[in-house]
């Protein structure tokens, strides 16, 4: 079944998260997968493993405790967020392979823009010369995923210095703009989505 792509624009984090939960709770065997393309106003989200000490500096950015995996991260304008509402039982792959495919989609998209990036088996996400450019966080429920990925496109990276991103002290972050690629979030989405569609194919051979 073809996936439904929804471009939702700039939306608040918490109601979007609640909508993902509701979608996942109500989906059935024939429900089509959806990819939600969004930006968020400034917000820190703290995953199930999140520890308060990873918020290093008090500030005006709200902190939302959420139900994805992982630690604390930052979302803000100029960052592409894609939520993956996927029945991964249909793909006949495990969670680790699903994460690898999402990472590879981002790596392939960045390569097209002349950016050499890589994953890290010990720390999910995508990195350029050791600096994180994309983060992943998923929740699995009844064989389906929600939450997803964030890719730094053209944003103010300062709030990342107020946290230990993803729980790692002194982790550097980067973005496409700093690497010489000037795209809007919408343009970055248009370039990433075909790679996501390909890597989320149900066929193991085509990923």
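Keep in mind that glycine also has a Cβ here, set from the backbone N, Cα and C atoms.
Marked as domain 'BPL/LPL catalytic' by Swiss-Prot on the basis of sequence analysis: 29-204.
Residues or ranges marked as substrate binding site in Swiss-Prot (evidence: sequence analysis): 68, 69, 70, 71, 72, 73, 74, 75, 135, 136, 137, 148, 149, 150. A coil conformation is recorded for residue 68 (substrate binding site) in the three-state DSSP classification, outside any helix or strand. With a 10 A radius on its CB, residue 68 (substrate binding site) counts 21 other CB atoms from all the protein chains.
Under the heading site 'Lowers pKa of active site Cys', Swiss-Prot lists 132. Mapped onto three states, the DSSP output places residue 132 (site 'Lowers pKa of active site Cys') in strand.
The active site, acyl-thioester intermediate feature in Swiss-Prot is assigned to 166.
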Exercise for the section: Could you round the CA separation between residue 132 (site 'Lowers pKa of active site Cys') and residue 74 (substrate binding site) to a whole angstrom and send it over? Expected result: 12
Problem - Under 8 Å by Cβ from residue 137 (substrate binding site), counting only residues of that chain that are 6 or more apart - result: 45, 47, 68, 69, 70, 73, 124, 147, 148
Completion exercise
What DSSP gives for residue 149 (substrate binding site), in three states, is strand
